[in-house]
Amino acid sequence: MMKKTISSVFAREILDSRGYPTIEVEIELCDGATGRAAVPSGASTGKLEALELRDQDEKRYCGKGVLKAVQSVSGVIANKIIGMDAANQSAIDKVLIELDGTKNKSKLGANATLGVSLAVAKAAANSFKTPLYKYLGVGEKQMPVPLINVINGGVHADNKLDFQEFMILPVGAETFSEAIRISAEVFHNLRSILKKKGYSTNVGDEGGFAPNIGSTEEALNLIIQAVESAGYSMKNHFALGLDVAASTFYEDGVYKFENRELTSEELVQYYFDLVGKYPIISIEDAMNEDDYEGWKLLTVKLGNKVQLVGDDLFVTNCKLISKGIEEKMANAVLIKPNQIGTLTETFAAIEMAKLNGYRAIISHRSGETEDTTISHIAVASNCGQIKTGSLSRSDRLAKYNELMRIESSLGENAKYYCGLAWTS
């Protein structure tokens with residue numbers, strides 16, 4: 001493979017979808033090819049995520065500036081990787097990890113290392129005149145089933161809902177584009193239903209509606225009504241998913257939500273009953289990230305019926321994923337590149353999940369940009385699932401639109417596993 005020498009590295013401060021600063025990195029190669037990547041930011045974060053370096057200068061952006069991360073890229077990182085081969089991704093990422101030297105990227109910042117890592121991959125792909133998804137992965141390409149967030153709650157919205165995300169999964173579609181079409185129709189029907197009931201149709205951080213409804217079951221009933229109003233059914237076209245973000249309402253050893261206090265055992269039973277009542281096939285962060293016994297009990301009780309996704313539990317970290325596999329906690333891993341800080345480590349987490357029979361779901365963050373790298377990672381890795389928000393807000397739609405472009409470019413080679421095979 002021809003060497004693709006890095007000639008320049010540049011970073012700048014830009015804004016994410018919440019109006020807070022984030023870092024954007026540009027890499028240029030000696031042949032003139034360039035790569036640009038912008039890094040997202042989370043609101044609901046796991047305690048063991050790689051560190052997002054912020055300036056803590058209250059005089060700028062309420063302390064959330066990222067000039068220190070920009071300086072990391074333009075200084076120590078640039079000095080080390082200029083002259084290196086952009087086509088050797090693992091070597092670049094190894095340098096980034098070693099330069100930082102901490103367990104959680106706290107010296108340089110995971111926002112700095114990820115920006116560089118992704119921009120390097122994009123520059124190399126552009127140099128080879130190859131789409132990023134082809135550059136990152138070989139073989140058959142599977143389009144992901146989208147987990148589309150239509151109602152927001154928790155820390156992603158200013159309403160009374162304790163659960164963070166209520167999602168539809170278009171498992172009955174035959175193509176990705178059809179999945180987006182029928183989901184958009186449900187989204188617009190949901191808007192109409194909310195309006196008729198006198199609810200606000202304002203949207204939350206991830207583009208889903210944020211009506212001031214008070215219960216999980218009311219949210220689920222509204223979604224089912226919207227599916228049926230759009231001319232579809234839960235039996236043939238859609239299933240439901242939840243991101244509970246249980247760590248956000250775990251306090252003093254109990255789960256406090258909807259005016260109740262439940263033990264781990266009681267919460268597991270609550271989920272069991274909810275799954276029996278509604279067509280829910282995926283539940284994310286159902287237990288607090290440190291409630292290992294709760295996770296084990298949940299997995300025993302529901303692991304053969306429902307996709308149980310660990311986000312805060314695993315934070316895209318191979319050591320934590322390995323522990324979860326060994327102790328039989330959850331059966332799926334949410335993959336967020338900025339939780340770990342490099343592309344190589346992201347793919348290692350995906351591979352570890354797959355090799356051990358766990359599913360992997362590529363995910364955005366609540367603070368996003370127009371960057372579409374995760375769309376390419378989803379296709380390149382053949383994960384089969386992606387979580388990137390609702391069907392509003394251009395920062396979310398950018399990912400869906402990019403996936404439709406990828407599907408179009410693949411033509412007949414684009415595979416979308418529908419129906420019961422969605423978990424393949």
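Every residue, even glycine, has its Cβ placed from backbone N, Cα and C.
In the three-state DSSP classification, Lys387 ((2R)-2-phosphoglycerate binding site) falls within a strand. The Cβ neighbour count for Lys387 ((2R)-2-phosphoglycerate binding site), using a 10 Å radius over every protein chain in view, is 30. Taken from Swiss-Prot, the feature (2R)-2-phosphoglycerate binding site applies to Gln164, Lys336, Arg365, Ser366, Lys387.
Annotation comment: Swiss-Prot describes Glu206 as active site, proton donor, evidence class sequence analysis. Mapped onto three states, the DSSP output places Glu206 (active site, proton donor) in coil.
Cβ neighbours within 10 Å of Asp243 (Mg(2+) binding site), excluding its own Cβ and spanning all shown chains: 28. Per Swiss-Prot, the feature Mg(2+) binding site maps to Asp243, Glu284, Asp311.
According to DSSP, Lys336 ((2R)-2-phosphoglycerate binding site) is assigned to coil rather than to any helix or strand. Other C-beta atoms found within 10 angstroms of the C-beta of Lys336 ((2R)-2-phosphoglycerate binding site) number 26, with every protein chain shown included. Taken from Swiss-Prot, the feature active site, proton acceptor applies to Lys336, supported by sequence analysis.
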Near Mg(2+): residues not in Asp243, Glu284, Asp311 with Cβ within 8 Å of the site Cβ centroid are Gln164, Glu165, Leu242, Val244, Ala245, Ile283, Asp285, Val309, Asp312, Leu334, Lys387
Cα of Lys336 ((2R)-2-phosphoglycerate binding site) to Cα of Asp243 (Mg(2+) binding site), in Å and rounded, measures 15
